[in-house]
Every structure is written in structure tokens, then in C-alpha cells.
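For reference, the structure discussed in these notes is given below.
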């Protein structure tokens, strides 16, 4: 038994150990699995994973080497996005040898794509051992780790507009691009079937998004009603910070609602009961170590992205607004997006809706207010005023999504409408190029360059 337990910690789950589990342990393990899968983002990301062949490492003589090879096989090669991993050392080499900054930006974006999916995989592996509650909280906080890290590095460099644009883009991308593509592909693949989904989860997430929209609109309306031309007015900042605190309270209530009191609303999307029961493939400490290492790499690449975004914008002739709102969210959530479409093709719309709405709610009610509060702590004046064009796009996106999901049924025309809405908004931000010589004077003698979001003393 002791040797089997050591195998679990080293990431090797043997058949002998499975036989030693009594019924109580098996039941507890199954509960942990179900608890870790309450977040549909994990299920969508799992669609781009590939199963490894244990025979390749089972014949290795030394246990430590066998454990290391098993971890490498499961973590690095266990995804269909493994072909993008070479972009990580290439981005580091490009920065070290001072290659063109647009190249550093492009390689860093490519490197972030598999890392975002692998973080989801590792948090899911940890959740097998921590239980449903802790696992659910871990998934809720790490589900958008890439966006959060990019936001923190942008705040450290006072690139407030980059933070706002990237977070806004994540919400728009999930609600229009991901959900629209899923409904479109699912409707075309299931023309002869009635596509239905449970409205309960959609209603809960819609309420959260509407609350977040209110918190975004009030600072904007307050600024226009007060006739304040300064976007960093003290009163607007205070309102944004207070609203952020209440947004986090609402998000905590949502997590408690999801994991404890109304779990049945979210369990219907976990898949068919006859599907093969999933098991952990690496040990707890192995998964934790890999998670820490990959988080450090994500932080490094995020710093590259934030530091080179203006250079890429100038070189490619594309505005920072378009790059932040359109390109960054698409690359950061590519794995979940692909998984959502695959589930829609299988007529499992509950999972597709859970991916799109859950991730959008997470960004709106967790990542955005945390960014405001962290900026407050850092002495950076970030508020919830995302300007008129951005806030208007967010408002119409949430409203049209709520109308689309109100009847509990789906067809491909709904997907077409949502997808076209995203294309129109993307075109709007593509042509929205503020000249580099136009600046807005802020307080404390700073100058804001609207086209780059950089504060210059």
C-alpha cells in the first residue's frame, strides 16, 4: 500500500493500486472527479488533449526517471497544441538576441496558446486530490489565469487601456465568437434534431453579466452627467472601486451558488453517464510543480506581449485597440473555443453555453474588479469607465446574447447572427485608429496616448 501511494505522488497510477481501493475510496474519488468538472471550461479544453501510451515509459528501469518521463509525456505531449511549444524558447531567444519586437510579440502569443490549455489541465489534475469544493474554487480562479497575468503586467507598466481592451475583448469573444460559432456549427450538424439546453444556467450567467454591465455603465454615465472631461476623475475612481468590491462579493456568491446550494443547475452539462470515468494521470505534487513552472513562463511571455504590443501595432499597421480586443482573446482561449465547437457538433449545448457564458462571467465579475483593486493597491488610476464605444459594444453584446438564449432552443441562424455581430464589432475597432499625435491630458501632469494606452510622464 505504501509503495502504491508513492506511485500516486510520483504520477504513476498502477492497476494494482486501483484494485486496492475499496468501495468508499472509489466513491470518494468519483465525487472528486465530478466536483472538479463543474467548470465546463475544463471539459472543453479536454477536447484538444490526446491520450498517452503508458507502454512507452513502463519499461524504464529507474522509478524517478520513469516518473519524469511520464510527466513529460502527459503534460508536454498530452495536448494537440504541443506543436506550438517551440514558440516559447524561440520567443525567449528572440528577446535575448534583440530580434524584431513584432517577432517577439507574435512568438509570445503563440507560446501562450498551449500554456493556457495546460494550466486548465493541471488545475483539473490537482482537483482530483483536493476534493470538489477546493477543486471548484481552483478552477474558478485559474480559469482565466492568462488574462489575469497579462492584465497585471500591463498595470505595472501603466498601460491601463491595454488592460481594459484585453478584458473587454475576452467578454466579447466568448459571448459572440465562441457562442456564435458553437451555435452555428451545432445547428448545421444537427439540422434534423431539435437542439435544446437548460435555461437555468444561462439565466444565472446573464444576470451576472447584466450586473457587471451596470457597474461598467455607471462611471461612464456619471462622467458625462457631471460634465467631467477628465477620465481619471476622483469621484469616478471611487465609484469604480466601490463597485469592484461589490462585484467580487457577487462573484463569491455565484461560486457558493454553483458549488454548494444549486449544483444541480450545472451538473447536467457534465456529459453522459456512460462515458468513461476519468482518472488522474499525474500525482498531486507533480501537477502542482508543473503549474508553478508554467505560471512563471506565462508571466514571462505576458511581459513580452505587453512590452512589444505597440511595436507590433506600428509594424503591422494595426491599432493597439484591435490587437488587444480581437487578437489577444482569440489566442489566449483557442483551446476552449475549439472544445466548445466540438461539443456543439455533438449536440451538447449545455457544455458549450457553460464555456462561453461561464468564462465571460468570470472575466466580467472576477478578473475586471480584481484588476481595479490591484491597480488601486499599486497606485494606478484604473476605473470601470471603458469609454462610450467600448461600453456600448459590451451592452449590445450582453443584450443580444440574453435575447438569443431566452427560449431554451437553438438553431444555426442564431449562431449566424452572433458571429456577424462579432465581425461587425471587430471591423469597428479595426478602423478605429486614433492618430499617434493626438493625446489626452490627464491629471498629475501625465499624458495619455489613446492609440497605445501608455502613460508617459
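Backbone N, Cα and C define each Cβ position, glycine as well.
TrEMBL lists transmembrane segment for one of the ranges 103-122, 383-402, namely 103-122.
Annotated range for transmembrane segment in TrEMBL, selecting from 44-61, 224-241, 242-259: 242-259.
Across the domain 'Sodium/calcium exchanger membrane region' (288-430), DSSP assigns 120 helix, 2 strand, 21 coil. Here the listed stretches are 103-122, 167-191, 353-378, 412-432, and the one with the most C-beta pairs under 8 angstroms to the transmembrane segment (242-259) is 353-378.
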